[in-house]
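Asker: The region 'Disordered' annotation in TrEMBL covers 1-21. TrEMBL lists 48-70, 82-102, 246-266, 278-303, 621-642, 648-668, 688-706 with the feature transmembrane segment. Per TrEMBL, domain 'P-type ATPase A' is recorded for 144-235. Annotation source TrEMBL lists active site, 4-aspartylphosphate intermediate at D334. Residues or ranges marked as ATP binding site by TrEMBL: D371, E375, F401, T402, A403, E404, T405, R406, M407, S408, K420. According to TrEMBL, the Mg(2+) binding site annotation covers D552, D556.
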Amino acid sequence: MTAVIQAPEAPAAPPETKRSGIGWEQVRQAVPGAVRRLSPRHLWHNPVMLIVWAGAVLTTAIAVIEPFAGGPGTSGGTQVPVAFTAIIAVWLWLTVLFANLAEAIAEGRGRAQADSLRATRTSTTAQRVHAYDADADAPAERARTAAVASSDLRLGDHVVVTAGELIPGDGDVVWGVASVDESAITGESAPVIRESGGDRSAVTGGTRVLSDRIVVRITSKPGETFVDRMISLVEGAARQKTPNEIALDILLASLSIVFVLVALTLNPIASYAASPVSLAVLIALLVCLIPTTIGALLSAIGIAGMDRLVQRGVLAMSGRAVEAAGDVTTLLLDKTGTITYGNRRATDVVPLAGVTREDLLRAAALSSLADPTPEGQSIVELARAEGMTLDARTPGDVVPFTAETRMSGLDRPDGTRIRKGAGSAVRAWLAAEGAPLSEADAQALGAATDAIASSGGTPLVVAIAAPGAPARALGVVHLKDVVKEGLTERFAELRAMGIRTVMITGDNPLTAAAIAKEAGVDDYLAEATPEQKLALIRKEQEGGSLVAMTGDGTNDAPALAQADVGVAMHSGTSAAKEAGNMVDLDSDPTKLIDIVRIGKQLLITRGALTTFSIANDVAKYFAIIPAMFMGVFPGLGVLNVMGLHSPASAVLSAVIFNALVIVALIPLALKGVRYRPVAASQLLGRNLLVYGLGGLVAPFIGIWLLDLVVRLIPGF
Ligand SMILES: Nc1ncnc2c1ncn2[C@@H]1O[C@H](COP(=O)(O)OP(=O)(O)OP(=O)(O)O)[C@@H](O)[C@H]1O
Ligand SMILES: [K+]
Ligand SMILES: [Mg+2]
């Protein structure tokens, strides 16, 4: 492994996907695919290889006709060996084959994983809800269900899934909480919690419910599920060229055309002194000069980059996102569930003067009975744990929590209205009710919320407006959350990569500051609404930054869609997963370090091999031209520094070298060049030195060695 950076808790990849080098078995399995790709239909997308293919066809035709037209004759004034054209033709075909092999091996790496994913798509029976019985206590009991095949489920259907059953399709949990075994998809054997109301509501078809019972709303059609997308991703079927790849392709094609012209001008020059160079030699020379190395490996590099991400448990929906990750300068992270574990729970209540602890807790719990968020449910649990009895029926009109209002509540049938939420939101509500806080209350409330916030907790202020009495604040609920371990070191690594981390949260500035300090992020934005998150990303992008964002909530979705790299947590809501262009199966926000490293590695590998390829081609020109014409222009013999045996052996050696270089570089293309988090300029300098200089020197040594062997062939 070249990985300099390793996740402290590296997730276990499914066993069949644990692989680093290339085995013979992999090569053997790729050969049929490589042969199939010899059809021009497939090569159409690869202009450089298409030229080689056309050259191979032409040379083959010449080799077939030659014997009837009186042998190969002379080329550039020298006698050409009898088998010359045929051998060149064989090596040109091999050149195309090697290029195809690179791509086929790269694609083959995902096949085993695709097969095991396909196994999760087996049809199951789903308990589809067709009616509700309003008198039953809990939603799962109210549901009247009928068994249908999972393939018959439609968007918006509700299904009940009970412990031991497979979840029949992708969806969001709308009622209940369950532990789910997602190992079929993530390879991670520890069960995960999926629950309604919060940011951990998405479930995936083919995973198994281990405990309890949930109601799931189906969010994807059969055939368009997450697993379907995952399969086409790991198989590379959905792969499209990125704009960068297209640009590079155009550059390589233009270079090839220049070399076609160079090859064509050889004859008018040579013919002053001798008979023209044969067509087979011209084609061989052309293939040596055009950038075949990078042309052969370009798509394999892209596929391998995607594959490396899959190995780390990240599904990239586009190659473009992977490339963007390599250039990311700013990383925005959601606080709750991303930097913290995300199960914000009520641990305590702080009543204001003149309010009993019991009154405060009862009001908070009443307003939370119909609040499905984990925060709301935890308040009910706290009240029950303290011995309070609460009627479970929804008592009045629910005011649901939204990220915009930062508040939720209940309007009871007797006219009492209870609100709980962020301090600023509840204060504004009180003011709107015509009962702003008294000086003393404001001070006491401020002290209580500040104390909770500076410890990193989230304070929820509770207020009540009973009929006939002025509205008033009752006190504060303390929601506690825990910062994930090991974040500080990982953010430091990001800093070393030149990436600024910014935490964005809907929470108040004090809590945000405390958590930001504890987690070690560079900056934070507090009390951010979804619109502000979006605006922040736009602002960063306008300033020229490439922005990555990780998030899990529905309120993160617009920002995830706007970010250049939007990494949705697999545990998050369906909306978040739809909006982003990557999904992290392990729901680990620091995975972005791996994503950035893999993106950078992809860009560097492509750059390094392009440099090598072009340097190589230039060197080949100077390596073989002197040998080719030494018979005609004896002066050129001086330049034949390697003492190549004959023009024919020089050309053949160069063609063979050109083909073998592709094979030699397949492992590097698939594995990626080494990456360390150093300054970009340093990296560029080092790569130019290694791959540029290496590319210049390698042909001289390689062709010289091959010539020693080729000269043993009779006639050469
Ligand atoms: N169930 C709830 N009822 C009332 N108020 C809530 C509830 N949940 C959260 N709040 C308040 O709303 C604020 C915003 O919460 P929200 O979960 O939307 O933040 P966010 O934008 O997702 O940011 P982050 O997830 O990073 O904390 C919280 O800080 C809290 O004060
Ligand atoms: K070449
Ligand atoms: Mg959130």
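Including glycine, each Cβ sits where the backbone N, Cα and C put it.
Just tell me what is around each of these and how deep it sits.
Answerer: Here the transmembrane segment (48-70) has Cβ contacts under 8 Å with residues 38, 40, 85-86, 88-89, 92-93, 95-96, 99, 252-253, 256, 260, 279-280, 283-284, 286-287, 290-292, 294-296 of the same chain, all six or more residues outside its ends.
For the transmembrane segment (82-102), the list of distant contacts is 27, 30-31, 33-35, 37-38, 42-43, 46, 49, 52-53, 55-56, 59-60, 62-63, 66, 71-72, 278, 280, 283-284, 287, 292, 295-297, 299-300, 648, 651-652, 655-656, 658-659, 662-663, 666, 669-670, 713, 715-716: same-chain residues at least six beyond its ends, Cβ to Cβ under 8 Å.
Sequence-remote contacts of a segment are chain residues at least 6 beyond its ends whose Cβ falls under 8 Å from one of its Cβ atoms, and for the transmembrane segment (246-266) they are 46-48, 51, 277, 282-283, 285-286, 289-291, 294-295, 298, 606, 610, 614, 617.
Around the Cβ of D334 (active site, 4-aspartylphosphate intermediate), 29 further Cβ atoms fall within 10 Å across all displayed protein chains.
F401 (ATP binding site) has a Cβ environment of 20 other Cβ atoms inside 10 Å.
Mapped onto three states, the DSSP output places D556 (Mg(2+) binding site) in helix. Less than 8 angstroms from the CB of D556 (Mg(2+) binding site) sit D334, P530, K533, M549, A568, G572, A576, A579, each of them six or more residues away in the same chain.
Sequence-distant contacts of the transmembrane segment (648-668) (same chain, at least 6 residues past either end, Cβ-Cβ under 8 Å): 21-22, 75, 78, 80-81, 84, 87-88, 91-92, 94-95, 98-99, 101-102, 105, 281, 284-285, 287-288, 292-293, 296-297, 300, 605, 609, 612, 616, 620, 623-624, 627-628, 698-699, 702-703, 706-707, 710-711, 713, 715-716.
Within its own chain, the transmembrane segment (688-706) is flanked in space by residues 608-609, 611-616, 618-620, 623-624, 641-644, 650, 652-654, 656-657, 660-661, which lie at least six positions past its ends and keep a Cβ under 8 Å from the stretch.
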Asker: How many neighbouring Cβ atoms, not counting its own, are there within 10 Å of the Cβ of K420 (ATP binding site)?
Answerer: 30
Asker: To the nearest whole angstrom, what is the C-alpha distance linking T405 (ATP binding site) and D552 (Mg(2+) binding site)?
Answerer: 19
Asker: Please report the three-state DSSP label of A403 (ATP binding site).
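Answerer: Assignment for A403 (ATP binding site) reads coil.
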Asker: Cα-Cα separation of K420 (ATP binding site) and D552 (Mg(2+) binding site), in Å?
Answerer: 23
Asker: Among A403, M407, the binding-site residues in question, whose Cβ has the most other Cβ atoms within 10 Å in this structure?
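Answerer: Comparing the binding-site residues A403, M407, the most crowded Cβ belongs to M407.
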Asker: When you measure from each Cβ to the nearest atom of ligand 1, which of the recorded positions D334, D371, F401, K420, D552, D556 fall under 6 angstroms?
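Answerer: Going through D334, D371, F401, K420, D552, D556 in sequence order, those close to ligand 1 turn out to be D334, D371, F401, K420.
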Asker: To the nearest whole angstrom, state the Cα distance for the pair D371 (ATP binding site) and D552 (Mg(2+) binding site).
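Answerer: The Cα atom of D371 (ATP binding site) is 19 Å away from the Cα atom of D552 (Mg(2+) binding site).
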Asker: Could you count the residues of the domain 'P-type ATPase A' (144-235) that DSSP puts in helix, in strand and in coil?
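Answerer: When I sort the residues of the domain 'P-type ATPase A' (144-235) into the three classes, I find 16 helix, 36 strand, 40 coil.
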Asker: Do you know which of the recorded positions D334, A403, T405, K420 end up with C-beta under 6 Å from ligand 3?
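Answerer: List returned for ligand 3: D334.
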